[in-house]
């Protein structure tokens with residue numbers, strides 16, 4: 001049985017998630033599988049917005065950016081997110097999912113600019129909205145963009161798709177005794193020094209009482225289970 005527990009959600013996808021087993025770029029089979037799951041969630045009637053990163057193409061804090069002006073490197077990273085957003089939109093279109101891309105940087109010939117009322121209208125019409133170019137400002141991560149856009153559109157939860165299936169007491173790759181938290185409060189995560197998002201994004205979600213669910217994008221069906229409110233990943237709550 002499948003049902004939705006949330007009416008409107010913000011999904012944060014890292015650019016690295018699009019690489020699959022590749023070292024760079026977009027892995028075709030990975031994006032096809034990912035969009036299958038997104039389409040399945042959209043079919044439940046969930047109003048879905050997505051913030052996507054660009055780390056599979058370029059990151060402002062990556063070794064390749066060393067020696068560059070940080071703001072310039074960050075703008076390059078923002079443009080990488082636009083490329084990913086267009087690829088994701090194209091893949092969703094082939095699944096019959098009506099999708100719009102809005103960018104925090106103006107490239108009018110390619111994508112429409114981020115306009116909050118239009119984004120809200122698209123969501124209400126059942127369209128998937130992909131937010132590209134982060135916040136449009138250097139020195140802010142796409143995690144922060146996810147928290148910001150989530151708050152702006154009135155999302156009920158931020159779903160952070162990662163390579164691990166939740167938040168653990170220690171690094172599960174290094175400590176075999178590490179245990180996964182099913183639920184944890186914002187304050188407890190701070191006390192335990194657990195890295196959920198970068199500090200700015202985490203503080204924004206906490207201040208806006210916007211819960212975060214961390215789950216694995218590589219686990220089949222995890223997105224649907226997270227949206228359905230099942231015990232999937234880790235829920236960070238107020």
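Placed from the backbone N, Cα and C atoms, the Cβ positions cover glycine too.
Taken from Swiss-Prot as is:
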BINDING   12, 13, 14, 15, 55, 59, 162, 168, 171  ATP binding site
BINDING   54, 74, 135, 136, 137, 138, 139, 140, 141, 142  UMP binding site
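For the binding-site residues 12, 14, 162, 171, a Cα-Cα cutoff of 10 angstroms around residue 54 (UMP binding site) retains 14. Counted within 10 Å of its Cβ, the other Cβ atoms near residue 14 (ATP binding site) come to 21, all protein chains included. Here residue 171 (ATP binding site) is positioned 27 angstrom away from residue 139 (UMP binding site), judged by their C-alpha atoms. Other residues of the same chain near the UMP site, with their Cβ within 8 Å of the Cβ centroid of 54, 74, 135, 136, 137, 138, 139, 140, 141, 142, are 60, 77, 78, 133, 134, 144, 145. Each residue contributes its Cα atom, and for residue 141 (UMP binding site) and residue 171 (ATP binding site) those atoms are 23 Å apart. For the ATP site listed in the record, the two most distant Cα atoms among 12, 13, 14, 15, 55, 59, 162, 168, 171 lie 26 Å apart. Neighbour counts of Cβ atoms within 10 Å were compared across the binding-site residues 135, 137, 141, 162; the minimum falls on 137. Taking every pair among 54, 74, 135, 136, 137, 138, 139, 140, 141, 142, the residues listed as contacting UMP, the largest Cα to Cα separation comes to 14 Å. In this structure, the CA atom of residue 14 (ATP binding site) is 15 Å away from the CA atom of residue 135 (UMP binding site). Taking the Cβ of residue 12 (ATP binding site) as reference, residues of its chain lying under 8 Å away and at least six apart in sequence are, in sequence order, 50, 51, 53, 142, 143, 146, 158, 159, 160, 161. A Cα-Cα distance of 32 Å separates residue 137 (UMP binding site) from residue 171 (ATP binding site).
Each residue contributes its Cα atom, and for residue 135 (UMP binding site) and residue 171 (ATP binding site) these two points are 30 Å apart.
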